[in-house]
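Colleague: Below you will find the structure I want to go over with you.
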Amino acid sequence: MIPSDYSNKFYPVDGVVPKHETQAYEFLKKFPEYDGRGVTVGILDTGVDPGAPGLSVTTTGLPKFKNIVDCTGAGDVDTSVEVAAADSNDYLTITGRSGRTLKLSKEWKNPSKKWKVGCKLAYEFFPKDLRKRLQKLETEDMNKSNRKLLQDATDEYAKFKDKFPEAPLDKDNLQTQKELEARIECLKQLAEKFDNPGPLYDVVVFHDGEHWRVVIDSDQTGDIYLHKPLADFNVAQEWSTFGSLDLLSYGVHVYDNGNITSIVAVSGTHGTHVAGIIGANHPETPELNGAAPGCQLVSLMIGDGRLDSLETSHAFSRACSEIIKNEVDIINISFGEDAGIPNKGRVIELLRDELAGKRNVVIVSSAGNNGPAYTTVGAPGGTTFDVISVGAYVTSGMMQAQYNLLSTVHDTPYTWCSRGPTLDGDTGVSIYAPGGAITSVPPYSLQNSQLMNGTSMSSPSACGGISLILSALKAQKKPYTAAAIKKAVMYTSKDLRDDFNTGMLQVDNAYEYLAQSDFQYTGARSFTINGNIGNSKRGVYLRNPTEVCSPSRHMFNVAPKFEDGEEYEKSHFEVQLSLATTQPWIQAPEYVMMAGTGRGIPVRVDPTALAPGHHFGKVLAYDASNESRRCVFEIPVTVMKPSSISNTCFSLRDVSFEPTLIKRHFLVPPKGATYVEIRVKATSELESTNMLWISVNQTIPQTKLNEASTELIMPVTQNEVTTKLVSIDDSYTLELCMAQWWSSLEPMVLDIDVNFHGIKVVNGKEINLISSQGLKRVDCASIRRENFKPDITLKDYVDSFKPTNTVIKPLGDRDIMPDGQQLFELMATYSVEISEKTELKADFAVPHNMYDNGFNGLFFMVFDSQKQRVHYGDMYTSSHTLEKGEYLYKFQLLSVDPSTLERFRNVTLRLTKKLKKPITLPLYADHIDFCDNKTYERENIDAGVVESFVVGTNIEGEQYASELKENSLLTGELKFGDCEKGTVPVTLVLPPKISTKEDTKLGEKCANIVQLQVDLLSKLADQEKEKHLKYLQSSYKNSLEVQLAKLDIVKETNERLSTADSILSLIDTEALSRYYSCQQKVEDTIPRDVVLEKKMALQRDAFIRALVVKCETFSTQGHKDKDNYFQNYQLLLNWLENSDPRVWQIKKDYYKSQNQYGLALKALLELLKENGNSGKMDVAKLLSEEKELLVNLGWNYWHDIVFVETVKRVPPYSYALF
């Protein structure tokens, strides 16, 4: 069309926040008063921003939010410290936890006069995208500020060089030049290592006699009297923002009698977008409203900002309790993870039994975004009984409004939408809803709205629609159950010709269904379905060759679900059921009489006559005694009949693809196959590169999807072959699922080849070696002729640690579960020393699953020697880098049963690190070649032929690297060529190290009586220690050991100087110098005099120690004895190694005493760099000195940065809260 044809066209706003597809729009037109009012929706997500557009008030003027809660703990602040306020005329003043002076308003009501203080670094809980934006601005600000300081320092240096163009010869001018150069170098270094810790907020908490009040110094000035004290959000729905730059909204909650304050801010934009789809209310532009603009919201943040908004089991557990406290009617969960075991786990039990079961909370959740292969639904949405799982659908109206396509395609589930069935046979997806929207996001994102798509968007679309139904039912005081709601939306959904008969939510139809229901009838109740064969628990699921080669009988125990207190109803329950099957290959009884305890129902499935591919049917149970004859429950039956591969290649020719078309093939991998090679070539002409989505999926018992499935997005270009390799398991049917990306509009014709490869170790799937065995034979077999160049390389090593301390204790009030049980915490602490900068992975010997887990949560943090938190993680093995230093790993494990935690009191921490130099193990043809050291040489292996070789397992000499310990476990893999797929894991247990201890002469074994007596000092109390020291001084007056011991004990300055002088008087300095000068020229072949070595080493160490004490003392005495200080300083530097940390300490003190602040700062920065993670260094004192030096230099910008950095590196609140 020409431009004039569009002049009168309006934007298709109906597709922006889709509501027609679900009948939500039509329902609101019919019943405008049932717009969600009276319904409270809980949103378990990244948190919802109360300042976002459309989320202020409901259609009736009520606050849109009833509550906002951070369930993760990321925003927790330790406010346990109480301080007294001083009267400063117009204000009250206190010292905040950060060290700032805070001004308080005298008008604040605080009857107890008790002020609790804490502080919080913003970047510990700000969303990741906001942190990045602010860090970019901070870097720009730093560059601007530092350029000015650097320009001033450079100008001053230039003036000096103009005055002294040649290198100055006198000491004073030379020191001035060095000072000016050091200032320039320090500014450059400060800029280079700049890692702004971000804003630091002081937090003040007090009780006004009715409620706790919280004030946050969000502008970091100390003038907190300018801020309004906030109450818990649920008290008055009060919130604020940190500033005009970040625009991040926050509310507060106070716990544990004021000792913990929770700052509630979002951890991402996701949850706000979800809230907009559910219930945004835009009075001036109602077409942008969410599905239920009249509902109220409770934001429950389960996405932990410390983990880039990943949900945690602990947060989920807390959220379930908050759902009960806040009287939530329906919840949306647009979160999920893979689960190896469906419908089982502590979080699942809370959702299924405590919320949906006992309290009729309607649960709506996303199905997952791991399609289009089958059995890709995630937990909790797609795998949990009584949860409404929502798939994502896209319609032509959405395509027009949201995706800017050149033309639309057929309405379709999104390509990436997860599909059922679940591993235990349930259909997985309950209904479909629109899976995309353009709606509200938090102001901090600097956007008013944003396009997002996913089942994360389809779930709130359905949740909002169902909220309309609940609004109508509650307004009419009509009872309902969560089970009845789920059945209504499923059985009235619009037919989409889906593979599992899953339809589109139809709000109006579902409401009519419920309006005509008698909620005392059988269908209002849940029915549990438990099968007795293999994976077929909640339905029949046949997929592997042995399951489909003959008919099978399945017994399902089906029972109505009754809660505690419903014993009477259970005893009187009886229903007459008529059963029907939807496919002729499924058989079930025609009638069943069922009591409250349930009944066994046999189901026979005969897949023998079915063609290869997917087949689906159901056993439907109807209430035969009810006129409506509605379906009471159903047993799904899924058969995926695989095809056998006649050889090692599966080929498809001239396969046509177009948008929305999905092609599936179920294949039985050849025995021995370990990976497939997929080759794709376009045989049709293409205007541009197209996209082919390929999923290679297998269902492996108790295995998460991401460990059994691979998704590939392959670019397809004309006349080019694209190849991908995918690892597989030969024991399970493989689904090869191929789809053109739904929005890739150009059709294409492809040739596809799937080649199976595999060389397997005959006895097992991994190789475990013990180094002390010396050798081990390995037998291999292949499914086809392959290159055979085996190579075993060990690249990593694993060190295991047991806790040094473990405490089990109950948590606080917010960790009481919905059933009244208290959560208990196991806190295990591990000490780890890192010798050099290292990248490592940490994991603990517990299940690494989110939803299918027997614990209510696990979390760990890593702290350095100054109690700075340097890393945190959860159930997933995480990689992190640690600098040289001493660290504590703290591991939190949660359960309602302390006896369960007791079993894990000594849980093992495993740290995996890379070897500096990989170890390649020698291979030999046989044990004779092993003896002759004749290496293995082989080029090929033929199909069906077993090929053997011998591995040499001995590790010694250079291979036994210094970083390895005797209990280290080496890990690596066996490869058979250049291919990275089809490898075999290898582990090797190290032998004891060969002792390199030298023989000692008899004279060296004689005990040093003096040293023994000196050592006794450390075991004596004060008075006895003083008495014993006097005895030693009188008995061994000329003993260096005694004088050194005295130096450790005495504190008074003059006495320390006197002792240092006594030490120096006992040492022949010239003889000491000659000895060490000569030692540098002594060859290794000359025998060593060990006794003399020890004697001279003692003198050298004592000499250095005495000089250190003298220099430390002189540095505190200003300009007193300046020349003596300089002489001792120079002498000490001559004796210290450059790598000795005391060099920078001594330099720092000396330059500081000479008012050479640039040189002092340079030394201090080096000291922090080399020893900042050492527990032996007082980092807090060094940072305090750094701030002092920066003030003296006039570099106030850097002083403010270091002020915050000090709180981060040496937290005043000890270890961070979990």
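Cβ atoms here come from the backbone N, Cα and C positions, even for glycine.
This is the feature table in Swiss-Prot:
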- 19-514: domain 'Peptidase S8' (DOMAIN)
- ASP45: active site, charge relay system (ACT_SITE)
- HIS270: active site, charge relay system (ACT_SITE)
- SER456: active site, charge relay system (ACT_SITE)
- SER550: phosphoserine (MOD_RES)
Colleague: Hey, which of the recorded positions SER456, SER550 is the loneliest by Cβ count within 10 Å?
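Modeller: Among the recorded positions SER456, SER550, the lowest count of other Cβ atoms within 10 Å belongs to SER550.
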Colleague: Roughly how many angstrom lie between the C-alpha atoms of SER456 (active site, charge relay system) and HIS270 (active site, charge relay system)?
Modeller: 8
Colleague: What's the number of neighbouring CB atoms sitting within 10 A of the CB on ASP45 (active site, charge relay system)?
Modeller: 29
Colleague: Give me the CA-CA distance between SER550 (phosphoserine) and ASP45 (active site, charge relay system), in Å, as a whole number.
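Modeller: Here the two Cα atoms are 46 Å apart.
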Colleague: Return the residues near HIS270 (active site, charge relay system) by Cβ distance under 8 Å, restricted to its own chain and a separation of at least 6 in sequence.
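Modeller: Spatial neighbours, sequence-distant, of HIS270 (active site, charge relay system): ASP45, THR46, GLY303, SER309, SER334, MET452, SER456.
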Colleague: Within the domain 'Peptidase S8' (19-514), what mean pLDDT does the predicted structure show?
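Modeller: That region's mean pLDDT is 95.
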